[in-house]
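In Swiss-Prot this protein carries:
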type: TRANSMEM; residues: 4-24; note: transmembrane segment
type: TOPO_DOM; residues: 25-41; note: topological domain 'Periplasmic'
type: TRANSMEM; residues: 42-62; note: transmembrane segment
type: TOPO_DOM; residues: 63-68; note: topological domain 'Cytoplasmic'
type: TRANSMEM; residues: 69-89; note: transmembrane segment
type: TRANSMEM; residues: 93-113; note: transmembrane segment
type: TOPO_DOM; residues: 114-130; note: topological domain 'Cytoplasmic'
type: TRANSMEM; residues: 131-151; note: transmembrane segment
type: TOPO_DOM; residues: 152-157; note: topological domain 'Periplasmic'
type: TRANSMEM; residues: 158-178; note: transmembrane segment
type: TOPO_DOM; residues: 179-216; note: topological domain 'Cytoplasmic'
type: TRANSMEM; residues: 217-237; note: transmembrane segment
type: TOPO_DOM; residues: 238-246; note: topological domain 'Periplasmic'
type: TRANSMEM; residues: 247-267; note: transmembrane segment
type: TRANSMEM; residues: 271-291; note: transmembrane segment
type: TRANSMEM; residues: 295-315; note: transmembrane segment
type: TOPO_DOM; residues: 316-332; note: topological domain 'Cytoplasmic'
type: TRANSMEM; residues: 333-353; note: transmembrane segment
type: TOPO_DOM; residues: 354-357; note: topological domain 'Periplasmic'
type: TRANSMEM; residues: 358-378; note: transmembrane segment
type: TOPO_DOM; residues: 379-395; note: topological domain 'Cytoplasmic'
Amino acid sequence: MKRFLLCSFALVLLYPAGIDMYLVGLPRIAADLNASEAQLHIAFSVYLAGMATAMLFAGKIADQSGRKPVAIVGAIVFMMASLLCSRASEGSLFLSGRFLQGVGAGGCYVVAFAILRDTLDEHRRAKVLSLLNGITCIVPVLAPVMGHLIMLRFPWQSLFYTMSTMGIIVGLLSLFILRETRPARLAPRDLSRSSPAAESLVNRFFVSRLAITTLSVSVILTFVNASPVLLMEVMGFSRGDYAITMALTAGVSMVVSFSTPFALGLFKPRTLMLVSQGLFLTAGVTLSLAHTNTVTLFGLMLICAGFSVGFGVAMSQALGPFSLRAGVASSTLGIAQVCGSSLWIWLAAILGISAMNMLIGILIGCSIVSILLIFSVAPNRSVAEHEEIPYQSRS
């Protein structure tokens, strides 16, 4: 079991590392490529577009050919794309590399969740996904710090050499440590309830959890996207203050994420999901009424706590009905989350909504819609249970 957890964590970490590690070098990258920082900020959207593109195909391929091949190819693509970014001499080539980085990270991301669905029952899966969320919260803090330390002595290209090395490590783990987890067969008693036809993506429960997780990701990505403007321009923080604040928010996320598995032993998953949305609603109201930086910071901490306590539980419930189509289900969730959050951020920018109002709007909207869905759509207890996986290969 440890090998699956290790590989799943490594596969997921490529996604946030690809977002956060290069940001500290953005001014130098822009100068060397004769582009403005504003022009290169589109690299974030390009990266997410690459992820969404990979997710369109990775899940189905993983269900048909196995998790391991997709993980290996995704890691190789991420590694090669990182090298392409490091060799870029102009903006379009750099953005092409960023798109391909997203493709590699997206494939690995989908496989990680499919592996956890294959190998864990619902109760343990919710706990592990909460821990995984806590570990990924470390990356937005450590990646910029690591990038800053690297750039003290080396050029910005070294940031992408580091990401390329991460791709190599993940590829080696996938090749030599990861075992195939795709179910080879099901017992006859499970065929009727776990056939591909029975595991339809168009059912009320899956769609409800897809909506909840998409709105939750939209909240956290809106916070990440709006945080520089909100903290440094609106609240007047320095770059150092900004870094400290983001470290504190990540710390809150880690503490809550690592505490959630213990909470699952005491409370029902639905209770934690309601607490999550209650924290989002409280954060939205707090930010809308805030007149001091202290109150605003408190509202931001509530956002991180709300996401951490509920996202893993909701993702576990969303994947629960799927054993034969875990890859497709994971892809669908990933695409919805990436595209939904990007659409909200883009629409808010087009409409000229301020950073604060953008954040307040998604917080209140997410909480109201999600609470209604949690109360109106309960888990279907007849869904397929976790299967013991007959390993197809020991390689």
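Each Cβ is built from the backbone N, Cα and C atoms, and glycine gets one as well.
Within the chain, the transmembrane segment (217-237) has long-range Cβ neighbours (under 8 A, six or more residues past its boundaries) at 44, 140, 245-246, 280, 293, 296, 300, 303-304, 306-307, 311, 337-338, 340-342, 344-345, 348, 355-356, 358-359, 362-363, 366. Residues 1, 4-5, 7-8, 11, 59, 62-63, 67, 178, 181-183, 257-258, 260-261, 264, 269, 308-309, 311-313, 315-317, 319-320, 322-323, 326-327, 329-330, 385-387, 389 of the same chain sit 6 or more residues outside the topological domain 'Cytoplasmic' (114-130) yet have a Cβ under 8 Å from a Cβ within it. At the 8 Å Cβ threshold, with sequence separation of at least 6, the transmembrane segment (69-89) lacks contact with the transmembrane segment (271-291), having fewer than 3 such pairs. Taking every listed stretch (42-62, 131-151, 158-178) in turn, the largest tally of C-beta pairs under 8 A with the transmembrane segment (4-24) is reached by 131-151.
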